[in-house]
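J.: Per Swiss-Prot, the features are:
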type	residues	note
DISULFID	Cys109-Cys217	disulfide bond
DISULFID	Cys188-Cys209	disulfide bond
DOMAIN	88-218	domain 'C-type lectin'
CARBOHYD	Ser27	O-linked glycosylation site
CARBOHYD	Asn220	N-linked glycosylation site
SIGNAL	1-18	signal peptide
Amino acid sequence: MQFIFFGTLFSGLLLVCAVTNDIEDASGETPGIVSQITEEQPHQRQKLYNWDYKDLGTIAFEDIPFPTLQPSQTIDQSENCPEGWIRYSDSCYWVETELLGFAKAERKCSEKQSTLFVANSIDEWEAIRGHSKDSFSSWIGLVRFSHYERSEQLPRWQTEGAVNPSKINWLIKPYSPLVNGWSQLANCAASYKSPASLETASYTYFYPCTYLFYSICERNSTIANSLH
């Protein structure tokens with residue numbers, strides 16, 4: 001009888017542990033896992049992270065075919081950027097003033113042989129963000145998709161070598177995804193530029209990817225070659 005009792009008790013404890021490990025909060029996060037990851041977590045990505053629009057036909061995205069790209073044009077640091085583009089270091093930037101969802105914004109950048117803006121340094125982040133439109137948010141190349149971010153806190157830039165995402169100006173600091181708007185339906189990051197001179201009035205936040213915002217494209221020879 002004692003053997004049966006302890007065996008039943010042990011089985012019950014295993015069942016409780018299994019159920020606890022499967023519990024998720026309303027956002028889809030598993031409590032106690034994401035919070036264990038530090039903001040300095042290594043964040044290595046492949047050279048170009050293509051989010052393949054054919055696989056984005058979900059609540060958050062539209063099924064948008066990838067554009068037909070024109071032959072690559074090398075951008076040399078000594079050359080001027082195309083008319084209307086902004087130069088910083090060896091890259092050119094385009095501030096798109098048509099209101100678009102995230103997927104369409106990225107597609108429009110691709111048509112210009114560019115990606116959504118990826119900051120390689122805080123200096124670049126501040127310089128280019130300063131050209132965005134006052135009182136509006138602009139899409140950038142930063143996402144945190146729920147199906148592959150269960151075990152890490154940081155969102156992903158579209159290209160490698162970018163600044164640690166936790167270092168940019170999130171609305172709530174120190175950075176945590178949930179307090180900065182992230183949910184299963186709000187996966188895409190946008191940068192809001194305040195008309196006020198106070199720096200803390202501008203911020204980065206997660207939004208549903210179907211929201212209509214402006215966007216910032218970035219283009220250089222490395223990006224152009226990677227898109228082909």
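Cβ coordinates are placed from backbone N, Cα and C, and glycine is handled just like the others.
For the listed features, I'd like the structural context: burial, neighbours, distances.
T.: The secondary structure of Cys217 (disulfide bond), as reduced to three states from DSSP, is extended strand. Neighbour count (other Cβ atoms within 10 Å of the Cβ, all protein chains): 26 for Cys217 (disulfide bond).
Within 10 Å of the Cβ of Cys209 (disulfide bond) there are 27 other Cβ atoms, across all protein chains.
Of all Cβ atoms in the protein chains displayed, 21 besides its own lie within 10 Å of the Cβ of Asn220 (N-linked glycosylation site).
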J.: If I restrict to non-local contacts, at least six residues apart, and a C-beta distance under 8 angstroms, what lies near Cys109 (disulfide bond) in its own chain?
T.: Trp94, Glu96, Thr115, Leu116, Ser215, Cys217, Glu218
